[in-house]
Ligand SMILES: Nc1ncnc2c1ncn2[C@@H]1O[C@H](COP(=O)(O)OP(=O)(O)OP(=O)(O)O)[C@@H](O)[C@H]1O
């Protein structure tokens with residue numbers, strides 16, 4: 001029997017979608033109709049309020065291709081609604097006692113204020129992600145919705161409390177992952193998996209570190225965790241701020257739409273280089289220098305160098321007030337200075353405190369002489385020229401960039417502070433071949449900027465944010481971890497990475513060490529092992545490298561079979577490799593979605609020329625793909641964190657040879673091999689690295 005429209009569940013769900021969209025439009029219209037003329041006394045308040053209203057209007061937009069809800073939960077009992085926002089108003093479940101909720105990207109309510117869609121981050125939504133046959137969490141029915149171009153076209157049911165029904169793999173999840181990629185990274189709210197949800201919803205108080213192989217959803221989880229924390233602790237985080245740190249600008253560009261799509265517009269994104277941009281970086285270190293400059297021992301050298309700017313007083317301070325002279329002897333000044341040095345406060349804070357301490361010593365003498373000076377006298381004494389001169393001599397201001405410049409230019413100065421910490425070779429490695437004359441003209445490297453940041457923090461405390469997400473963390477040096485740690489010293493962090501993908505000379509060996517440098521030694525390390533991006537055949541091929549690049553790590557699984565997703569093509573006897581690569585790209589372009597041509601950095605010009613000659617248009621990484629331009633030519637050094645529906649990998653051995661050592665080369669290759677969602681074609685003329693040769 002064909003169901004009548006009102007009995008057809010799909011039609012009913014569509015009705016709810018239509019009604020929810022109408023309710024959202026009404027919510028937006030309400031905000032648009034707000035007249036702030038009567039409630040604000042001045043134009044500054046009015047401008048601030050209007051800004052907030054504009055943001056709210058933006059957040060209430062109904063985006064045609066972003067479904068308003070993607071799931072539904074029917075609870076067995078009314079008690080299941082305890083934590084819902086407005087349980088008594090929720091619809092009743094089909095055939096069940098308990099209420100029913102629609103789960104979506106944002107909260108939508110009707111004219112009476114009753115919820116039509118519940119935010120995915122609300123406590124009641126948790127069961128949508130976590131409930132299982134083993135632990136149904138009082139859920140009678142979990143329904144997932146499928147959309148085609150904004151239209152609700154399918155649904156998939158799980159009766160979690162029905163022992164007869166077998167657990168099943170979601171076809172909608174599979175479809176969602178394989179949906180062709182055009183444009184930037186998408187959110188995964190509709191399909192967050194239970195082990196991912198545990199990380200997403202872990203509390204604001206603790207730092208979480210996630211080790212996960214390629215495509216296990218680390219980036220997605222980190223971004224969704226920020227969205228969750230902003231929901232659960234909105235006021236606090238609005239005050240303290242949140243930050244997402246990624247490896248480079250093209251990566252940040254790739255992920256920048258995820259949080260706005262979830263309604264979060266205020267999260268800052270930056271690279272570590274952006275955070276420490278105290279000077280213009282114009283040079284690259286050789287690996288030996290970079291290794292020492294990134295070593296945590298440099299923090300000790302800098303600390304010594306900064307503190308060494310303090311000299312113990314040898315002269316008394318004499319303050320003249322009216323007809324009287326007050327003298328604080330050198331030995332007493334020395335005591336004050338030593339006491340400040342012993343206290344664990346910043347160099348600059350101690351410097352600010354010193355005039356008051358000296359003034360206090362003067363006041364004690366005044367009192368002893370029978371005077372009754374008040375606070376104003378103490379302030380006046382602290383500003384006295386003799387006191388100022390003494391402070392300048394004993395505790396001079398420190399310019400962090402100038403201090404680092406001197407350390408890197410002046411062998412004697414470096415030795416004075418590095419002896420016993422760095423050996424002679426290490427000191428030689430960090431010294432500039434040609435001493436720099438000024439901060440402006442110096443050829444600063446990225447690692448130097450981090451040293452300046454450390455020195456800056458020794459002088460005055462770096463502002464800490466409420467929460468920091470650090471992606472591709474495995475590539476940071478200890479000094480970079482410290483720089484990030486300063487920015488969440490009173491907040492928490494989400495640290496995401498894969499030890500097998502570390503490609504810097506200082507790449508992280510263990511998360512315990514990394515977290516200690518970050519200042520979050522007690523953080524838990526979670527592991528994600530299910531791979532969502534890479535098909536099984538491809539991840540198995542790439543995992544042949546694991547014993548050489550990260551012996552302790554288990555291979556990532558794959559939630560998708562996709563037979564035929566891997567093809568390895570050999571071009572014989574000096575044949576035209578670039579030509580074969582272009583052909584593979586053209587073949588891949590016959591599919592829908594994005595195509596990445598990944599090659600050793602040194603081979604990029606040759607391949608660019610071959611593509612141009614063949615009339616195949618291509619983009620640079622960081623440029624958004626569109627329906628017209630879907631092929632990106634990606635230097636292997638920029639491939640990390642990115643993904644494409646189809647990948648053509650040029651000449652694996654050249655990718656390996658492009659790195660200073662074999663292990664780093666193989667790690668770079670592992671990254672390149674794990675960027676494909678639907679298919680990988682490897683094209684080679686040279687021998688493949690042994691691990692990949694059949
Ligand atoms: N639960 C999920 N549902 C649907 N798609 C998912 C899910 N988890 C991850 N994905 C998708 O899998 C792909 C890989 O995710 P992501 O980039 O976050 O992985 P990663 O662990 O950061 O990878 P890499 O180590 O390569 O940087 C993305 O397209 C992401 O949207």
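Using N, Cα and C of the backbone, Cβ positions are placed for all residues, glycine too.
What TrEMBL records for 83-93 is compositional bias 'Low complexity'.
The feature region 'Disordered' is assigned by TrEMBL to 83-106.
As annotated by TrEMBL, domain 'UvrD-like helicase ATP-binding' applies to 191-544.
The feature ATP binding site is assigned by TrEMBL to 212, 213, 214, 215, 216, 217, 218, 219. Cβ neighbour count for residue 218 (ATP binding site): 25 (other Cβ atoms within 10 Å of its Cβ, all protein chains included).
One way to see the shell of the ATP site is to take the Cβ centroid of 212, 213, 214, 215, 216, 217, 218, 219; the remaining same-chain residues with a Cβ within 8 Å of it are 498, 528, 531, 532, 533, 556.
Per-residue confidence over the domain 'UvrD-like helicase ATP-binding' (191-544) averages 94 (mean pLDDT, predicted model). On its own chain, residue 215 (ATP binding site) has 531, 532, 533, 534, 539, 556, 643, 674 as residues at least 6 apart in sequence with a Cβ closer than 8 Å to its own Cβ. Each of the binding-site residues 212, 213, 214, 217 was scored by the number of other CB atoms within 10 Å of its CB, and the largest score is that of 213.
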